[in-house]
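One structure below.
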Amino acid sequence: MPTAETGTGAWSVAGAVLAVLAAGVVVRAAVSVGPYSGWDSPPRWGDYEAQRHWMELTQVLGPTEWYRNSSRNDLDYWGLDYPPLQAYHAKAFGWLAAALEPSMVAETVSRGYASASSKALMRGSALVSDVLFFALPALAALPIALRLGVVRSRAALLAALWALWLQPGHILIDHGHFQYNCVALGLVLAAINSWCAGAPAVAAAAFIGAVYFKHMALYFALPVFFAVVGMALAARSWGGTFRFIALNASVVLVATAVVWLPWLLPTADGTMPWDADSPLAAALSRLFPWQRGLFEDKVASAWCVFDPILRIKTKWSMAGQRTLTMGVTLAATLPSSVMAAMVLARGGVAPGGTLSPAGRSALTLSLAAGGLAFFLFSYHVHEKSILFPMLPLSLLAPAAPLEIMWLSVAAVFSMFHLLVRDGLAVTYLGVVLIFCMGMVVLTGGRARFGLWSAGAMAVSAAGMVMLHAADAFVAPPAALPYLWAHAFAVWSFAHFAAAWLVCNVSLFGAVRARATTHAKTD
């Protein structure tokens with residue numbers, strides 16, 4: 001690893017990187033001793049129980065029964081609604097649970113099971129998953145960033161890692177609330193690393209793996225499609241373009257066949273995969289629950305924020321809502337995706353197949369813009385889904401560390417009422433403070449806000465403080481019981497919409513710069 005500009009040796013840099021990794025592990029462990037979703041809340045408990053139940057479910061039933069309602073699989077009780085890779089992940093840890101504490105995954109009677117040892121096993125499974133699937137790709141991103149000149153100093157290197165590994169929303173949801181977002185996020189990060197390093201087949205496998213672990217990774221599907229097209233067009237011949245696209249398509253098809261094999265085969269009674277009552281149809285209906293409505297709770301999406309004015313959720317048919325959200329989401333995603341493809345096709349790919357600095361920037365910006373567009377405008381968004389656009393945004397930390405720091409705060413601010421329900425309000429404050437202090441310290445005091453950024457952050461901070469104060473000390477009117485929760489969503493939406501706009505403007509500037517460069521060389 002290159003030495004820092006201060007003359008610090010590679011061993012010292014490696015030690016500092018290990019210290020950041022250790023800090024992330026310690027913070028995760030500290031958060032994990034606190035409450036979680038559904039803590040002591042029968043009869044359904046919460047997301048923690050859902051994850052435990054899926055370990056039980058995958059131990060006692062075959063794959064084709066995981067998504068089908070039956071006497072042994074009550075879909076109304078935390079029915080599996082994630083793709084097969086998450087189920088395989090649950091099955092792997094379920095094997096461990098069955099070996100160490102069989103009562104934890106005993107069929108039906110284990111509902112709500114929460115012994116001290118089983119909690120340790122569950123929390124440990126999240127930590128192990130985070131280290132294996134997220135920390136390793138985060139580390140792999142560092143030499144790539146150094147090679148591309150994204151980071152040029154020890155401070156920038158450590159701040160880049162801190163922004164990824166100490167991301168407060170990621171930690172609070174996976175190790176507080178309790179989920180395994182780290183696996184899908186880590187696979188997306190591995191895909192980005194692989195594209196940057198000129199390994200498109202690995203990238204395709206990693207990305208489709210992320211989608212088949214948690215389908216919220218589809219937020220990135222359109223940007224990824226156009227990015228792959230842009231990389232293909234960067235080839236020096238039509239034959240090279242075709243081979244690149246064929247390689248990516250082949251990897252996706254093979255991975256799909258492997259992951260979904262049990263659902264792609266005829267059943268013992270002759271039911272074919274394309275039949276309406278097939279296990280595959282049951283799985284897809286669980287993954288895309290159109291019947292669940294436009295949004296739940298007070299999420300920082302456009303449809304929740306503007307619903308008091310537009311009344312789309314109550315006045316529009318469900319089919320109309322789906323058509324509207326798909327149209328608006330596509331309109332908000334396409335421009336950034338197309339612009340990134342243009343940059344990648346015109347100098348974004350180096351001769352060896354690796355991405356140039358401009359190509360890496362365009363890819364990251366398009367993923368951020370696309371992820372934000374899907375979060376802001378798509379159908380049935382959850383608060384926790386903001387973790388997905390925050391991943392590519394975190395990769396922009398070397399260029400704008402304090403701005404990304406504050407956007408990370410806005411992301412976890414948007415989930416505040418979810419965290420309050422989990423009993424994590426104090427933990428929320430502690431994790432946010434640790435994250436911000438680390439970012440400020442690791443930038444070495446050299447990072448500064450521009451005038452506009454400083455003003456925006458001051459207004460943002462004032463709004464957050466006032467909303468927290470109002471939520472804590474001022475009871476909402478009886479006619480508006482969710483006033484403060486909605487205000488949190490509105491304020492968060494403003495931050496995410498601004499970030500989406502900045503990403504699009506930045507990509508437009510990159511397209512103009514590439515066009516100017518090509519005009520001069522023609």
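Backbone N, Cα and C define each Cβ position, glycine as well.
Here the structure is a predicted model, which means the values were calculated and not measured.
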The annotated transmembrane segment range in TrEMBL, which must be one of 9-30, 449-470: 449-470
Among the ranges 155-173, 244-265, 363-381, the one whose Cβ pairs under 8 Å to the transmembrane segment (217-238) are most numerous: 363-381
Paired segments the transmembrane segment (449-470) and the transmembrane segment (323-343) in contact, 3+ CB pairs under 8 A: no
Same-chain residues at least 6 beyond the ends of the transmembrane segment (363-381) whose Cβ lies under 8 Å from its Cβ atoms: 192, 195-196, 218-220, 222-224, 226-227, 289-290, 292-296, 299-303, 321-322, 325-326, 328-329, 332-333, 336-337, 339-340, 344, 348, 355, 388-389, 391-393, 395-396, 493, 496-497, 499-500, 503-504, 506-507, 510
Tertiary contacts of the transmembrane segment (244-265) (same chain, 6+ residues out, Cβ under 8 Å): 62-64, 83-85, 200-201, 204-205, 208-209, 212, 228-229, 231-232, 235, 273, 278-280, 283
